[in-house]
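K.L.:
From TrEMBL, here are the annotated features:
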| type | residues | note |
| --- | --- | --- |
| TRANSMEM | 33-59 | transmembrane segment |
| DOMAIN | 49-298 | domain 'G-protein coupled receptors family 1 profile' |
| TRANSMEM | 66-94 | transmembrane segment |
| TRANSMEM | 100-128 | transmembrane segment |
| TRANSMEM | 148-172 | transmembrane segment |
| TRANSMEM | 207-234 | transmembrane segment |
| TRANSMEM | 246-269 | transmembrane segment |
| TRANSMEM | 281-300 | transmembrane segment |
Amino acid sequence: MPCEGCMERDNRSTDPTMEFLLLGFSELLCLRVLLFLIFLIVHLVTLAGNVMIFIAVVMEPSRPPMLFFLCQLSVIELCYTLVIVPKVLLSLIVVDGSTISFIGCAAQMHLFVALGGAECFLLVAMSYDRYVAICQPLHYVAVMSEGLCLRLAVACCLGGFAVALGLTVAVFRLPFCQSRRINHFFCDVPAVLHLACTQSYTPELPLLAACVLLLLLPFLLILTSYVCIAAALLRVTPSVGRCKAFSTCISHLAITLLHYGCATFMYIRPKSSYSPARDKMVSLVYTNITPLLYPFIYSLRNKEIRGVLRKMLKRKKTAQLN
């Protein structure tokens, strides 16, 4: 579907000197101060939680694979929030919206998609770790070696950044409307695609391909892992052992449902169903609330993380007493 006001195409639509206007929350003038304080507090708590987990894991001399993956997840969430939230806070300060350059918008979209994609792949690696731990416990140490974990971590990042680069290039090669007003608080893919002056659904194909690579395939791999885990747990006779084994997967399952649920709602749908107000609300949850919940989910549900945090607090108290 063509965007509004797209009767004429702008020949300078791919000019790196052009700018976009992020409208942000310009319709909520009376709530600007309250929203700014809420987002700032959420942002600071998110940063503190992820930094605490990162420091705790790095200071731990013996790191099992799950802690290694949690450390990488914390780094991804830190970068994720730093890419989006500062621009959100700025949009609440500027009354008429904040401008962002063509290159800046492309860079923000690329980093946002790349970090989200890396997280999708990382969740697959974590599900594989749970599969080996439950289905092949005797071979766990040999299979989940430090070298394999490092290779999986690098592959997750490279895969996310490669897919994001292809999607970003495809989006920013499109002709944009003369009115470059993005009704969002950051350069999200659906919001930028909405400005494309085209009457076909061809511009949506790169987004569809990215969704298949970053959402559908990883989710199917995670689902396959948990089907194998469920089949293995059904063969466990004592129900106590079955519950204990499954409890190690609860935190990963919770984060997987949060991440894939919001991402699927945002990106797997036609351009014609785009709704700026609804998308901004879902994006708020996706970019602010879920990164805030991740440290709490793993701190409360993961025994290894709780143990590492207790050790860190004990070392801090000992240092203060000395």
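Note: Cβ is positioned from N, Cα and C throughout, glycine not excepted.
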K.L.:
Which one, 66-94, 100-128, 246-269, has the most C-beta pairs under 8 Å toward the transmembrane segment (207-234)?
P.N.:
100-128
K.L.:
Please report, as numbers and ranges, the same-chain residues at least 6 past the borders of the transmembrane segment (281-300) whose CB is under 8 Å from any CB of it.
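P.N.:
Beyond its ends, the transmembrane segment (281-300) has Cβ neighbours at 39, 42-43, 45-46, 49-50, 52-53, 70, 73-74, 77, 80-81, 84-85, 88, 184-186, 188, 251, 254-255, 258-259, 262-263, 265-266, 306, 309.
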K.L.:
When you look at the transmembrane segment (246-269) alongside the transmembrane segment (148-172), do they share 3+ Cβ pairs under 8 Å, ignoring any pair fewer than 6 residues apart in sequence?
P.N.:
no
K.L.:
Give residue numbers and ranges for long-range contacts of the transmembrane segment (33-59): same chain, 6 or more residues beyond its ends, CB-CB under 8 A.
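P.N.:
Non-local partners: 25, 67-68, 70-71, 74-75, 77-78, 81, 85, 88-89, 92-93, 288-289, 291-292, 294-296, 298-299, 305, 308-309, 311-312, 315.
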K.L.:
Sequence-remote contacts (6 or more beyond its ends) of the transmembrane segment (246-269), Cβ cut-off under 8 Å?
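P.N.:
For the transmembrane segment (246-269), the list is 116, 119-120, 123, 126-127, 130, 133-134, 188-190, 207, 210-211, 214-215, 219, 222, 226, 229, 233, 279, 282-283, 285-286, 290, 293-294, 297-298, 300-303.
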K.L.:
In terms of Cβ proximity under 8 Å, which residues at least six beyond the ends of the transmembrane segment (66-94) contact it?
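P.N.:
Residues 22-25, 32, 35-36, 39-40, 43, 46-47, 50-51, 53-54, 57-58, 60, 100, 108, 111-112, 115-116, 118-119, 122, 125-126, 129, 146, 149, 153, 156, 185-186, 287-288, 291, 294-295, 298, 302, 304-305, 308.
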K.L.:
Return the average pLDDT for the domain 'G-protein coupled receptors family 1 profile' (49-298) as a whole number.
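P.N.:
Mean pLDDT, the domain 'G-protein coupled receptors family 1 profile' (49-298): 85.
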